[in-house]
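Only one structure is covered here, and it is reproduced in the block below.
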């Protein structure tokens with residue numbers, strides 16, 4: 001029962017943070033459309049999925065903290081999954097600074113949808129905390 005309540009409260013908190021973040025994103029989108037300054041909006045839409053991915057892994061990490069084991073970091077998982085996911089998640093933000101001359105930047109922009117970069121951000125946030133092992 002204690003574990004159920006822990007996961008239930010974690011789900012409610014993550015859902016609430018997700019709701020607040022989406023509301024803030026809508027306000028940023030409206031403000032950036034009015035001011036023609038998309039930098040803050042793109043920064044938020046890049047960072048928020050990474051934060052949400054970390055939040056999704058956080059309850060399991062909290063449960064692992066209580067174990068009496070040695071801390072390690074899975075560099076192979078972080079490098080093989082995390083680095084490419086981080087690159088795909090950061091392409092919209094990096095493209096503003098350096099243009100679309102980056103590797104696969106044109107292809108990602110031609111997709112015209114933020115689903116891929118959002119998914120990659122969530123994957124990176126999750127993998128980052130999942131690579132920390134006890």
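Including glycine, each Cβ sits where the backbone N, Cα and C put it.
Heads up, TrEMBL stuff is auto-annotated, nobody curated it.
Long-range neighbours of the transmembrane segment (5-26) within the same chain, counting only residues 6 or more positions beyond its ends whose Cβ lies under 8 Å from a Cβ of the stretch, are 41, 44-45, 48, 51-52, 55-56, 58-59, 63. Under the heading transmembrane segment, TrEMBL lists 5-26 (among others).
Positions annotated as transmembrane segment by TrEMBL: 38-58 (among others). Listed as Cβ neighbours of the transmembrane segment (38-58) (distance under 8 Å, sequence separation of 6 or more from its ends, same chain) are residues 10, 14, 17-18, 21, 24-25, 28-29, 31-32, 86, 89-90, 92-93, 96, 114, 117-130.
The transmembrane segment feature in TrEMBL is assigned to 79-102 (among others). Residues 38-39, 42-43, 45-46, 49-50, 108-109, 114, 116-118, 120-121, 123-124, 127-128, 131 of the same chain, all 6+ positions outside the transmembrane segment (79-102), place their C-beta atoms under 8 angstroms from a C-beta of that stretch.
TrEMBL lists 108-129 (among others) with the feature transmembrane segment.
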